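Student: Shown below is the structure under consideration.
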Amino acid sequence: KREIKVRKLDSTKVQPLKSEQLLHIEDHDFALRPGFGGSPIPVGIDVQVESIDSISEVDMDFTMTLYLRHYWKDERLSFRSNKNKSMTFDGRLIKKIWVPDVFFVHSKRSFIHDTTVENIMLRVYPDGNVLFSLRITVSAMCFMDFSRFPLDTQNCSLELESYAYNEDDLMLYWKHGNKSLSTDEQISLSQFFIEEFSASSGLAFYSSTGWYNRLFINFALRRHILFFVLQSYFPAMLMVMLSWVSFWIDRRAVPARVSLGITTVLTMSTIMTGLSASMPQVSYIKAVDVYLWISFLFVFLSVIEYAAVNYLTTIEERKQLKKRGKVSGMYSMDAAQAMAFDGCFHDTDVDMDLSPFPDPCEENETRASQTNISNEDTPRLRRRRSLKGNVGRIILQNNHVIDTYSRIIFPSVYIVFNFFYWGLYM
């Protein structure tokens, strides 16, 4: 009797909790799976996706918060209940019983929410059926293809698998088939439309350990195009059209046409650099690269076009001056050089008496040589009257034939390219 009394008063012994006594936890070895040595234990899974927190193109991953629920039967946890009611526990009982060791394949980081306590629920039914629920945030890899970016659709998947138990010991399956995957209706992303969520299953083979059941949470994401239209496509279109203004500027206005061409080229380079900085450094060409590089080529060709026009114009003027005997030794200057020195327009192709634009240099010489004011005003009035009628003829005479063709060819080819591009990728 004394020995029995001493054992009851021994404070070093930890008395089992009432719930543990009811579940007979101390009477079983829960290090082994249910039905050890027999057929594989079926473990049903269902998932409720709470949110998709982020999609990263640079890191090629996504972050998702979800409720992960496991269903299985462990007869060792069965208990008597007159009202056939289940018992619910928190995470403290998890370490003392057997639970499936499901993990996320290709996950980079994950955690169980623990505010204010760990978000874990364990519900045990009298017949031994168990519901094990977790609230988890997981970041996993998504193998993205950017060949159609930003007109692309990305297919990502979150994969679940048992780490220790292969198909001979544990069989993972979707508890309710395709209805095992549910989502919150308020899920939305800033850059993507969520087209669909679907559940599927398969097998994974490892040479060292064998075959494992694997479950897939598949979802398709279609990218919003409006942001990239406003940030990349539309500015590129404007720069290409702005480069066409050069074809309507006088061919001898070298500073105006050169500065316009260089400005559009640099602006296109800035657009391309800004877009590539926010994208992964992939080794293949993206759809947006095709559009921006073709647009850059159009802008660059407009600069080359004026270089050809200026070169051919200089050659033509030199030939005309030689025919008229205006070139004399080392002191001879062509029209372009004269304009560079005195800032005056010298066009040998236009009769200055019929031109509606007064030459400032000749006008200064006329004012110095003439003493009669009335005689000076007469040709100026005649030139002003003929201004409206001869503007079109003078513009055509002062533009090269290459400029005339460029006004038609460049816009036509660019419109055809846009139709082909959007028809191919949309």
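Glycine too: its Cβ is placed from the backbone N, Cα and C atoms.
According to TrEMBL:
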- 25-224: domain 'Neurotransmitter-gated ion-channel ligand-binding' (DOMAIN)
- 233-319: domain 'Neurotransmitter-gated ion-channel transmembrane' (DOMAIN)
- 225-246: transmembrane segment (TRANSMEM)
- 258-278: transmembrane segment (TRANSMEM)
- 290-313: transmembrane segment (TRANSMEM)
- 408-425: transmembrane segment (TRANSMEM)
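Each of the listed features needs to be described in terms of its position in the shown structure.
Tutor: Across the domain 'Neurotransmitter-gated ion-channel ligand-binding' (25-224), the prediction's mean pLDDT works out to 91.
Look at the domain 'Neurotransmitter-gated ion-channel transmembrane' (233-319): DSSP puts its residues at 73 helix, 0 strand, 14 coil.
Residues 150-151, 191, 257, 260-261, 264, 267-268, 271, 275, 288, 291-292, 295, 298-299, 302-303, 305-306, 406-407, 410-411, 414 of the same chain lie 6+ residues outside the transmembrane segment (225-246) yet bring a C-beta within less than 8 angstroms of a C-beta in it.
Residues 232-233, 236-237, 239-240, 243-244, 246-247, 251-252, 254, 257-258, 261-262, 264-265, 268-269, 271-272, 275, 336, 400, 402-403, 406, 410, 413-414, 417, 421 of the same chain lie 6 or more positions beyond the ends of the transmembrane segment (290-313) yet place their CB under 8 Å from a CB of it.
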Student: At a C-beta cut-off of under 8 Å, are there same-chain residues at least 6 beyond the transmembrane segment (258-278) that contact it? List them, or none.
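Tutor: The answer is 57-58, 231-232, 235-236, 239-240, 242-243, 245-246, 249, 288, 292-293, 295-296, 299-300, 302-303, 306.
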